[in-house]
Each structure stands twice: as C-alpha cells, then as structure tokens.
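Here's the structure we're looking at; comments come further down.
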Amino acid sequence: MATAEVLNIGKKLYEGKTKEVYELLDSPGKVLLQSKDQITAGNAARKNHLEGKAAISNKITSCIFQLLQEAGIKTAFTRKCGETAFIAPQCEMIPIEWVCRRIATGSFLKRNPGVKEGYKFYPPKVELFFKDDANNDPQWSEEQLIAAKFCFAGLLIGQTEVDIMSHATQAIFEILEKSWLPQNCTLVDMKIEFGVDVTTKEIVLADVIDNDSWRLWPSGDRSQQKDKQSYRDLKEVTPEGLQMVKKNFEWVAERVELLLKSESQCRVVVLMGSTSDLGHCEKIKKACGNFGIPCELRVTSAHKGPDETLRIKAEYEGDGIPTVFVAVAGRSNGLGPVMSGNTAYPVISCPPLTPDWGVQDVWSSLRLPSGLGCSTVLSPEGSAQFAAQIFGLSNHLVWSKLRASILNTWISLKQADKKIRECNL
C-alpha cells in the first residue's frame, strides 16, 4: 500500500484566487503550488466553491506541462504531488498575461468593433495584459512592458526578453492546438504567464495551464464549449449550473491524458551498405531518439544482395507501421535508388561522403532515373529531422518536438546576439 508523501512545507509565498504557493524547506529553489476548489470570473466578481475543481485543475496543468516539457519547452514544473498540488522551480512571476488567439471571440470583439466572431488569425495573434485586478487587467503594448523596466530574479525585462516571451507564447499555443486536434477539439485561444527561475535566471513558462486558461470547442462548435466560459455564461449560478460546469471540466480532465500519447505510430529504418558506416548510422539513430522516433539499424547491399534488400523492405512494409527508410551507402549509392524504386514509403539517402572521392560519389545519390522520389540529405542529423518532419504531419508529439526545437534555436540566437551587443558596449 502506497503511503502519502510528506513534505516539509514552509511559509505561504503567494495566494491567488484559485491557488496557493508554499516554500519547500527541504528543497531550496522549489515550491509547492496548491490548487483550490474555487472557480471565479470577472476578476473574482463572481466566485463559487466547486468541489473537486482543485484535483481537476491540477491534473490538467500537470499533463499539459509534462507535454510541453517533453516537447522541449522550458517550463516551471517538476512533478505532480498528490491530487491537488505539484512541485515546481521557484520563479519570480512577470505580471503579464500573454494571450494567443486563433479565432476572434470574447473580449477581442469588444475591443475591436467590426471584427466578426470566427475571424481566424494566421499566424495566431499574440496580445499582452498587465495583471492589475483594480483596473481589470488593461491591455499593454510591448513598448509599455519594456518601458516599465521590470526586473525579476536579477533579469531586466527588455526587448530581448519580450521577444522571447512573445515567440514562446505562439509556439506553446501551436503545440497545444496541434495536440488537441486528434481529440477533435479546437483550441480557440489561451492565456499563459511567464516567470524567471530564481536558480537559473531563465524565463520559463510558469503558473498553471488548466481549464480556466483557454477556450476549447469540441468539433469547433462554440455551443459545445467545455472551458470556463460555460461558467461565465451562466445568467445565474445555481447548483445545477455548477454541476454542468463541473462535468465540462471533468470532460477535459479525462481527455487531457490522451494528449501525452499519439495514435499514429512511426519508425525509421536505417539501411547501411556496410558496418564500416555504423558510426554514421548511429548518429542518425541518436537524432531520431531526440524526436521520440524508434530507429532500427540493418545491414544490406543493393549491389551485392538485392534480393535480401527487397526482403528486408517487404518485412517492414508488411507490419503496417509507418516507416521512413534512410539509405546509408558510400561510393556508388545503389541502396537509396533501389529502395525508392521498389517501395511507396519515403526513402532518404544519407551517404557518408569521404574527402577523397566524396565529390564524385555524391552524384550517385543526386542524379537518378525518372520515376524515383529518393531525397538526399548529407547530414545524419538532418536526415533524422527530415524523417521527423514527415511523421510530424500525422503525429502531434513529433511535431511538438520540431516546433519547440525551432523556438529554442531562435531563442539561443536572440540571447547570443544580446550577449554580443552587451560586449560591444
């Protein structure tokens, strides 16, 4: 029988409308976020006790943060702790709500007369609002945020930091939007917050993402909304109305775990012409692992054993798992073209070129007979990424890792540029 975890909880650091934050005396730099059985709307102008909401909110946040972390998004989340709390790195919160919208609805329509409900934003529209309950969280411009000269955990919030949060908001929305699609749910909009990790001094996604944080429409139908808007829309709060709201929240909590899995399988099979190319192939396998894609290595030569090459091909075609073949053959590459001419599956040639004959050898991968769709990628890591992009069309987990990688590359360049500029001062 499992025993309940005992934490050495210190003082209360913060209390909001729906959660409390406590220090953890035995874990410096970590805090406990405890959810409440409370639901609010209109900056708590409407407020009700909702039994079980804390557990529902905690489950949703824990699953969403796990999904984002596994994708590669920097997130203030360590692990779930019991039914109603989770442990996270301690952050100094930036008092801005970042809103990302795919579909125009709600307050956006009030602030932008003439825009019809249902208008779609490409790319998603990012807005920011200063957290100030007394003034109903006024909308801010990026310039206002920069002019405020906020400093949290020693980090001054300037143009670079604002750009990072803006780009991260869009990436996070797109990952969650893509993740809800297999459940036939449209993510209409969402709001998130960032903080500065007091230990690493990095900007990270923080606070919570639960059913209070977004609009979620099954089948893209507003009348089926399952988010907190169903509570806001109540003309009068009754026990029956609250029960309906709770059922909506439970519906989301039941499905959010499904976002951590994908019904679409995927696999990369690397065919090498010789074990002398094993090092090259292992780089491909390692890169596939970074995208969560299973990868198998096989040895076969299309020149010396074409019958065995085609038998291996048939083996993988026969089990029904979506597969991308990567052909690794030096000198004259017959492996990629032979595979491409005999399978409807994608084939990528990734020849291990050598300094002496590489310039000549590469033409066996580039100049092919008509009717072959074999692509050529020279980088082992690049061939794995290309395979991931193929699978990402139908697998939201792979796509999420690709999207987070794009964001993280952009952030690293932005931070490198900031560092260089500071050195020039």
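Cβ from N, Cα, C; glycine included.
Residues or ranges marked as N-acetylalanine in Swiss-Prot: ALA2.
The annotation region 'SAICAR synthetase domain' is assigned in Swiss-Prot to 2-260 on the grounds of a large-scale study or a structure entry.
Taken from Swiss-Prot, the feature phosphotyrosine applies to TYR22, supported by similarity to another entry. Taking the Cβ of TYR22 (phosphotyrosine) as centre and 10 Å as the limit, one finds 18 other Cβ atoms among all the protein chains shown. According to its DSSP assignment, TYR22 (phosphotyrosine) is in a strand.
According to Swiss-Prot, the feature phosphoserine maps to SER27 (among others), an assignment based on a large-scale study or a structure entry. Less than 8 angstroms from the CB of SER27 (phosphoserine) sit ILE87, each of them six or more residues away in the same chain.
For LYS36 (among others), the entry in Swiss-Prot reads N6-acetyllysine. There are 18 other Cβ atoms within 10 Å of the Cβ belonging to LYS36 (N6-acetyllysine).
What Swiss-Prot lists as phosphoserine is SER107 (among others). Annotation note: SER107 (phosphoserine) sits in a helical segment as assigned by DSSP. Other Cβ atoms within 10 Å of the Cβ of SER107 (phosphoserine) number 15 in total over all chains.
Long-range Cβ contacts of THR238 (phosphothreonine) within its own chain (separation 6+, distance under 8 Å) are none. The phosphothreonine feature in Swiss-Prot is assigned to THR238; the stated evidence is a large-scale study or a structure entry.
Per Swiss-Prot, the feature N6-acetyllysine maps to LYS247 (among others). Counting every protein chain shown, the Cβ of LYS247 (N6-acetyllysine) has 11 other Cβ atoms within 10 Å.
Annotated region 'Linker' per Swiss-Prot: 261-266, in sequence order. Under 8 Å from some Cβ of the region 'Linker' (261-266) lie the Cβ atoms of residues 182, 293-294, 321-324, 391, 394-398, all in the same chain and six or more residues away from its ends.
The region 'AIR carboxylase domain' feature in Swiss-Prot is assigned to 267-425.
Residues or ranges marked as phosphoserine in Swiss-Prot (evidence: a large-scale study or a structure entry): SER274 (among others). Cβ contacts within 10 Å of SER274 (phosphoserine), excluding its own Cβ and spanning all protein chains shown: 15.
Using a 10 Å Cβ-Cβ cutoff, SER332 (CO2 binding site) registers 15 neighbours. Taken from Swiss-Prot, the feature CO2 binding site applies to SER332.
Applying DSSP to the region 'Linker' (261-266) sorts its residues as follows: 0 helix, 0 strand, 6 coil. Considering only the modified residues LYS36, SER107, SER274, LYS247 (N6-acetyllysine) has LYS36 as its nearest partner by CA-CA distance. In the three-state DSSP scheme, LYS247 (N6-acetyllysine) is classed as helix. Taking the Cα atom of each, LYS36 (N6-acetyllysine) and SER107 (phosphoserine) are about 26 angstrom apart.
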